[in-house]
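First comes the structure, then the notes that go with it.
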Amino acid sequence: MAMNKDKPWTLYLLAVGLAVLAAVQFGLFSQPAVQAIPYSQFLQLLDQQKVSDLHIEHERILGRLQEPIDGHSVFSTVRVDPALSEQLGRSGVAFSGVVEDNTVATVMGALMPLLMLLALWYFLFHGLGQKQGLGGLMGVGKSRARVYVEHDTQVTFADVAGIDDVKGELTEIVSFLKNKAWYARLGAHVPKGTLLVGPPGTGKTLVAKAIAGEAAVPFFSISGSEFVEMFVGVGAARVRDLFDQARQAAPCIIFIDELDALGKMRGVGSFGGNDEKEQTLNQLLAELDGFDPREGVVLLAATNRPEVLDPALLRAGRFDRQILIDRPDRKGRLAILKVHLHKIIYKNDLDCERIAEITPGLTGADLANLVNEAAIVATRRSSQWVELQDFTAAVERLVAGIERKGSVLRSDERQVVAYHEMGHALAASSLPAMDPVHKVSIIPRAAGSLGYTLQRPTDDRYLISTQMLRDRLVVLMAGRAAEHLVFGQVSTGAADDLGRATDIARQLVTRFGMSPVLGQAVLERQQAGYLGDSLLRQERKDYSEQTAREIDLAVRGLLEEAYGRARALLEQRRDDLDAGARLLLAKETITPEEFPALQPQANEPATYVLVDATK
């Protein structure tokens, strides 16, 4: 701490010194105004005894007058007469002479550029480095891990909800850190490394902090991207320093977040023969082999891209254990909601079970954001507490985007959108395999949609049948089918529906083996690439041109079948379609309670006719 307090004074003194040197170098010291006079005038002043004192240099004379002339009391002139001293003596004028010495000025002129460069180097590599926590140029090889102790993490297993099945695995790590002797009596030791795998936002970092908080041990937290800097060898040096610090603080936990930034498969995407990231990874592998798990150092790491990690990093003896932290189920979402609800003021009869039901697929981070959004919605309407309607509005905002109530559609466009959305809603309510309809709206959203039909599942699904996929195609095609049925033509409003339907149909044929024509072969596989998520999913096609043609025909057949089913269903329910569209135009948003025809009912026609909607 003393060093930190002295740093401002050090920088202050350095700045003052530089200012002084600059003043000397560039002559910034102020001097009195000097009047240059001819040597003959100087001799006259000397004879008239108007000169008080003189300073004689090698080539010039500086003097001061007894009385100022023209506002100047100091004068200078060129030294001409070598016998000047005799005349000065006769006149009784005191004078002095010096031999001009330019040694100091010469030396300072030579050193000034060097001193300026040294000062610039100091500020760049020391002052800036301290602000960024680098410790200066000499400290670039030091670990940048943030160290927490028990009271710093402020997180325990009580703050981690929705992953009860994972807590059992993690409790073993806490038990080892608290009681190593109990495991050592049978020769057991904790796994060297534990890899937390899961989608973003599922709580991997929170779990690591909870382990440290439960075990009450130091917690070294660092991101995988913080190891590599612009200097070669810095990453490897930081890995060594991190493990050295951990050994000194044992028992402790090292947590490396975003391990894929550091442990990416070697040779993939490397354009140099000796890549800096590979050096850092090699040093990490060496440290994992070198430290003894009985020392009490536990290594935790987290990633959402395990497929790109180097196989050498995942072998036994390094990361021995992988723990999947997946999206929570309904029970898990309920537990997570209860944790975050303590941070807001909500109505006592708030139905948390209902909120958990309408939020399938949301992660812990999503649910935390949902609770905050609901509180914002309640504040916006000046409510005293947060209610279920606020959570419903927050879910719609997350799913469909922000309402654009200022957008004004033409009357004919609103009518097309109303029939389009009612077509989706009636198709979903007529097919038992589909999720029930919760709300239909023709209010434009920021996500780019002019309307939306919101369906909410009643439970989590882990398997999807062929019938469910085919029915989903019917719901997607029903919007365009309604437009064609009512107006005799179609619009561009179904572009997104057609794209999603085509993707489902293609996966049904090529990935799921559900095509009666092509059989149960998997024709396309997804491979992991090196570049980001947009290019991460690369399709590998293992089929001939003839098979490609058959795939295209099969996909087209599925879409035509779905469109025919949707058209037949809406023809049978034409009265409901017209009534629902009129109500939607009047109210803009309706629910099954306001329009009972949206309640689930299995009444799909047994037969249908294929219709060409492009004409």
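In case you wondered, yes, glycine gets a Cβ from its N, Cα and C as well.
What Swiss-Prot records for Glu421 is active site, and it gives sequence analysis as the kind of evidence. The local packing around Glu421 (active site), expressed as other Cβ atoms within 10 Å of its Cβ over all shown chains, amounts to 26.
The feature ATP binding site is assigned by Swiss-Prot to Gly198, Pro199, Pro200, Gly201, Thr202, Gly203, Lys204, Thr205. If you take the C-beta of Gly198 (ATP binding site) and look for same-chain residues 6 or more apart in sequence within under 8 angstroms, you find Lys204, Ala302, Asn304, Leu324, Ile325, Asp326.
The Cβ neighbour count for His420 (Zn(2+) binding site), using a 10 Å radius over every protein chain in view, is 27. In the three-state DSSP classification, His420 (Zn(2+) binding site) falls within a helix. What Swiss-Prot lists as Zn(2+) binding site is His420, His424, Asp497, and the listing cites sequence analysis.
The feature topological domain 'Cytoplasmic' is assigned by Swiss-Prot to 1-8 (among others), with sequence analysis given as support.
Residues or ranges marked as topological domain 'Periplasmic' in Swiss-Prot: 30-104. The topological domain 'Periplasmic' (30-104) scores a mean pLDDT of 70 in the predicted structure.
Taken from Swiss-Prot, the feature topological domain 'Cytoplasmic' covers 126-615 (among others).
Taken from Swiss-Prot, the feature transmembrane segment applies to 9-29 (among others), supported by sequence analysis.
The annotation transmembrane segment is assigned in Swiss-Prot to 105-125 (among others).
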Residues close to Zn(2+) site centre defined by His420, His424, Asp497, Cβ within 8 Å: Glu421, Gly423, Thr453, Leu476, Ala478, Gly479, Arg480, Ala482, Gly493, Ala494
Proximal residue to Thr202 (ATP binding site) among recorded positions His420, Glu421, His424, Asp497 (C-alpha distance): Asp497
ATP site, defined by Gly198, Pro199, Pro200, Gly201, Thr202, Gly203, Lys204, Thr205: further same-chain residues with Cβ within 8 Å of the Cβ centre: Ala302, Asn304, Ile325, Thr363, Gly364, Ala365
Nearest of the recorded positions (His420, Glu421, Asp497) to Pro200 (ATP binding site) - Cα to Cα: Asp497
Thr202, Thr205 as binding-site residues, winner by CB count within 10 A: Thr202
Among Pro200, Gly203, the one of these binding-site residues whose Cβ has the fewest neighbouring Cβ atoms within 10 Å: Pro200
Neighbour-count leader, CB within 10 A, binding-site residues: Pro199, Asp497: Asp497
